[in-house]
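The structure under discussion appears below in the form of structure tokens.
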Amino acid sequence: MLNLFQIMNMINNDVPTPYGFYFQDSATPNQEGILELHDNIMFYLVVILGLVSWMLFTIVRTYSRNPMAYKYIKHGQTIEIIWKIFPAVILLTIAFPSFILLYLCDEVISPAMTIKAIGYQWYWKYEYFDFINDNGETIEFESYVIPDSLLEEGQLRLLDTDTSIVVPVDTHIRFIVTAADVIHDFAIPSLGIKVDGTPGRLNQVSTLIQREGVFYGMCSELCGIGHAQMPIKVEAVSLPKFLEWLNEQ
């Protein structure tokens, strides 16, 4: 039987779908901003494409009918001013929201907890800095892809892992990403997260998950023969369930 998280993933588009051509449903403010920016820019591009196509069609039709074309099509100060100012305005309209969103995505706002993700060839290791177990040690574990031969009904090939990142919803979370060998990339589409893991360097990204669910990601930097075996699985749960999970560690 499907568990609650699998049913939620069927309602919300939180997993890759065959022949999918659009984004997964957003679960964070950052991803919501990315979707809105994408849709706005696509609108501008469609308008520009239609305008340029109409101009090309009009010019070709005019020249084909009359080789001695209207003089202001070839030499006109007004049209030259228009096609310089109009594209500049469009670029500024696109650029300002992009810069604002880029700044907001890089901003880390008073994180309530920090998780360190370390990329190895070819698995992930996670460390919860803010919590310790009964032995006085930081909670940490490794995450490996589930082999095809061990997949159970409802699990996703090359996406499900033996252990998951468990986080509470409505909580500011900071991910610190690095790597131990080669460059990896920590990417989770539904959360709007994509940050490189570079050996000897710590990169950080902040997120605020707004709903419960299971979110999948992958290493998005070619890192060797086992690159496809580096999935990321995040389970967002309520705070009581998260505390219960912590007590089990």
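Each residue, glycine too, has its Cβ placed from N, Cα and C.
What Swiss-Prot says about this one:
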type: SIGNAL; residues: 1-13; note: signal peptide
type: TOPO_DOM; residues: 14-40; note: topological domain 'Mitochondrial intermembrane'
type: TRANSMEM; residues: 41-62; note: transmembrane segment
type: TOPO_DOM; residues: 63-80; note: topological domain 'Mitochondrial matrix'
type: TRANSMEM; residues: 81-105; note: transmembrane segment
type: TOPO_DOM; residues: 106-249; note: topological domain 'Mitochondrial intermembrane'
type: BINDING; residues: HIS184, CYS219, CYS223, MET230; note: Cu cation A1 binding site
type: BINDING; residues: CYS219, GLU221, CYS223, HIS227; note: Cu cation A2 binding site
type: BINDING; residues: GLU221; note: Mg(2+) binding site
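Apart from the site residues CYS219, GLU221, CYS223, HIS227, the chain places the Cβ of GLY119, TRP122, VAL182, ILE183, HIS184, ASP185, SER220, LEU222, GLY224, MET230 no farther than 8 Å from the centroid of the site's Cβ atoms, the recorded Cu cation A2 location. The Cu cation A1 site is set by HIS184, CYS219, CYS223, MET230; from the centre of their CB atoms, other residues of the chain with a CB within 8 Å are GLY119, GLN121, TRP122, TRP124, ALA179, ASP185, GLY197, MET218, SER220, GLU221, HIS227.
Secondary structure at GLU221 (Cu cation A2 binding site), taken from DSSP and collapsed to helix, strand or coil, is coil.
The distance from the Cα of HIS227 (Cu cation A2 binding site) to the Cα of CYS219 (Cu cation A1 binding site) comes to 7 Å.
Across the binding-site residues listed here (HIS184, HIS227), the residue whose Cβ sits among the most other Cβ atoms within 10 Å is HIS184. Listed binding-site residues: CYS219, CYS223, MET230. The one with the lowest count of other Cβ atoms within 10 Å of its Cβ is CYS223. Under DSSP, HIS184 (Cu cation A1 binding site) is assigned to a strand (E or B) in the three-state scheme. Non-local neighbours of the topological domain 'Mitochondrial intermembrane' (14-40) in the same chain are 8, 94, 97-98, 101, 104-105, 156, 159, 189-193, 207-211, 213-216, 236; each lies 6+ residues outside the stretch with a CB under 8 Å from one of its CB atoms.
The average pLDDT for the topological domain 'Mitochondrial matrix' (63-80) in the predicted structure is 69. Between the C-alpha atoms of MET230 (Cu cation A1 binding site) and GLU221 (Cu cation A2 binding site), the distance comes to 10 Å. When the alpha carbons of HIS184 (Cu cation A1 binding site) and GLU221 (Cu cation A2 binding site) are compared, the span between them is 5 angstrom. The helix, strand and coil residue counts that DSSP assigns across the topological domain 'Mitochondrial intermembrane' (14-40) are 12 helix, 0 strand, 15 coil.
In terms of DSSP helix, strand and coil, the topological domain 'Mitochondrial intermembrane' (106-249) has 20 helix, 69 strand, 55 coil.
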